[in-house]
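For reference, TrEMBL has these:
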- HIS66, ASP99, GLU162: Zn(2+) 1 binding site (BINDING)
- ASP68: active site (ACT_SITE)
- ASP99, GLU134, HIS348: Zn(2+) 2 binding site (BINDING)
- GLU133: active site, proton acceptor (ACT_SITE)
- 175-282: domain 'Peptidase M20 dimerisation' (DOMAIN)
Amino acid sequence: MTCPVIDLAQQLIKRPSVSPDDQGCQELLIQRLQNIGFTIERMPFGDTLNFWAYRGTGETFALAGHTDVVPAGDISQWQTAPFEPTLRDGMLYGRGAADMKGSLAAMVVAAERFVRAYPAHKGRLAFLITSDEEAKATNGTVQVVETLMSRHERLDYCLVGEPSSQQHLGDMIKNGRRGSLTANLTIFGTQGHVAYPQLADNPIHRSLPFLHDLVNTTWDNGNQFFPATSMQIANIQAGTGSNNIIPGKLWMQFNFRFSTELTDAEIRQQVEAMLKKHNLKYELDWWLSGQPFLTCKGALVDAVVDSVTHYCGRTPELSTGGGTSDGRFIARMGAQVVELGPINATIHKTNECVNVADLQALSLIYQRIMEQLIK
Ligand SMILES: [Zn+2]
């Protein structure tokens with residue numbers, strides 16, 4: 001007895017598509033979508049394959065995901081070969097089974113069933129697929145989104161198939177993500193002999209009042225959807241290793257995970273004002289890796305909650321926790337964005353696996369969401 005979702009997931013897992021090397025995964029998906037009347041636009045950028053596919057016109061619901069996977073890691077820790085999909089005790093094992101080849105298979109099979117049932121659906125069904133989400137992500141979704149935005153392409157709803165579930169399928173969906181902003185800060189002093197401090201200027205000592213302010217600041221209190229913005233110092237370095245030298249500089253790196261209560265510009269201003277207040281000589285570089293986004297109540301959240309409740313018998317918790325995802329780029333198109341996928345307990349680990357029954361249910365959930373939005 002073969003199941004189309006599991007069969008397609010196995011075909012994808014067999015292709016060792018470690019980022020950004022797609023290994024033919026996208027051609028497999030493209031073939032399936034072409035067979036049911038999708039128009040395909042391949043959008044390669046640099047070393048990364050991407051495609052945009054669509055069927056129908058009007059209000060647009062896109063399914064988004066990635067064909068790339070993280071490396072297998074320590075092969076000796078795998079019970080079966082990572083790129084040899086294996087069914088064992090109701091689970092499908094293999095690198096990418098949960099993140100996110102299982103979701104891709106569930107999406108494509110859902111689209112096939114949806115198109116068969118509603119060949120003249122009233123809205124537009126689309127796919128936005130990349131082969132680099134896990135690594136640099138510079139030639140992936142962000143570039144496709146820029147291309148689509150430059151020609152004013154419409155995108156109303158987007159479902160990202162990232163593994164959002166915790167203990168049970170559908171117990172959690174992501175309706176937003178926090179922003180991520182990193183500061184690389186150098187504070188300058190004057191190097192000298194510890195025995196002659198009057199001839200030197202110790203940047204460690206000078207930094208302490210500033211550091212104290214930095215870690216004791218309440219940036220915001222979060223809101224209904226986001227926890228309070230947090231700042232964490234990730235690295236701090238100063239000193240030559242010698243016990244008799246006052247160092248000439250201190251380098252540190254700190255990262256903000258911020259809510260929609262703040263903008264990255266406000267954070268930058270606040271930090272720079274703090275540095276000035278403490279009269280520090282400094283150099284500061286910022287790296288913004290993602291803006292926060294939030295999809296409040298609306299047609300997409302309603303459709304996802306309804307479909308999960310229908311098939312899983314549980315109401316999903318809406319969460320904005322966790323790291324960043326490609327949802328951050330897609331939200332820039334003004335689309336409502338929600339992430340729903342299988343249980344994430346084994347992602348990026350050895351012996352990555354996904355529950356077979358969950359994957360079949362996920363495909364039915366995706367299909368019901370399509371029906372609710374663009375039937
Ligand atoms: Zn993923």
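Here the Cβ of each residue, glycine as well, is placed from N, Cα and C on the backbone.
Keep in mind the model is a prediction, meaning the values are calculated, not measured.
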What recorded positions in the list GLU133, GLU162, HIS348 lie within 10 angstroms of ASP68 (active site), counting C-alpha atoms?
GLU133
Can you count helix, strand and coil residues in the domain 'Peptidase M20 dimerisation' (175-282) using DSSP?
31 helix, 39 strand, 38 coil
Would you kindly give the Cα-Cα distance separating HIS348 (Zn(2+) 2 binding site) and ASP99 (Zn(2+) 1 binding site), rounded to the nearest Å?
8
Using a 10 Å cut-off, grab the number of neighbouring Cβ atoms around the Cβ of ASP68 (active site), all chains included.
26
For ASP99 (Zn(2+) 1 binding site), what is the secondary structure state per DSSP, taken as helix, strand or coil?
helix
Calculate the per-residue pLDDT averaged over the domain 'Peptidase M20 dimerisation' (175-282) and state the result as an integer.
96
Those residues of the chain, 6+ apart, with a Cβ under 8 Å from that of GLU134 (Zn(2+) 2 binding site):
SER19, HIS66, ASP68, VAL69, VAL70
Return the residues near GLU162 (Zn(2+) 1 binding site) by Cβ distance under 8 Å, restricted to its own chain and a separation of at least 6 in sequence.
GLY65, ASP99, MET100, SER103, LYS174, SER325, GLY327, GLU339, GLY341
Using the centroid of the Cβ atoms of HIS66, ASP99, GLU162 as reference, list every other same-chain residue with Cβ within 8 Å of it (recorded Zn(2+) 1 site), in sequence order.
GLY65, MET100, SER103, GLU133, GLU134, VAL160, GLY161, PRO163, SER325, GLY341, ILE347
Could you state the whole-number distance in Å separating the C-alpha atoms of HIS348 (Zn(2+) 2 binding site) and GLU133 (active site, proton acceptor)?
13
Around the Zn(2+) 2 site formed by ASP99, GLU134, HIS348, which additional residues qualify by having Cβ within 8 Å of the site's Cβ center?
VAL69, VAL70, GLY96, MET100, ILE347
Across all chains shown, how many C-beta atoms besides its own are within 10 angstroms of the C-beta of HIS348 (Zn(2+) 2 binding site)?
14
Which number gives the other C-beta atoms within 10 angstroms of the C-beta of HIS66 (Zn(2+) 1 binding site), all protein chains shown included?
33
Ten-angstrom check, please: count other Cβ atoms within 10 Å of the Cβ of GLU133 (active site, proton acceptor), all chains counted.
26
For HIS66 (Zn(2+) 1 binding site), just give me the three-state DSSP call.
strand
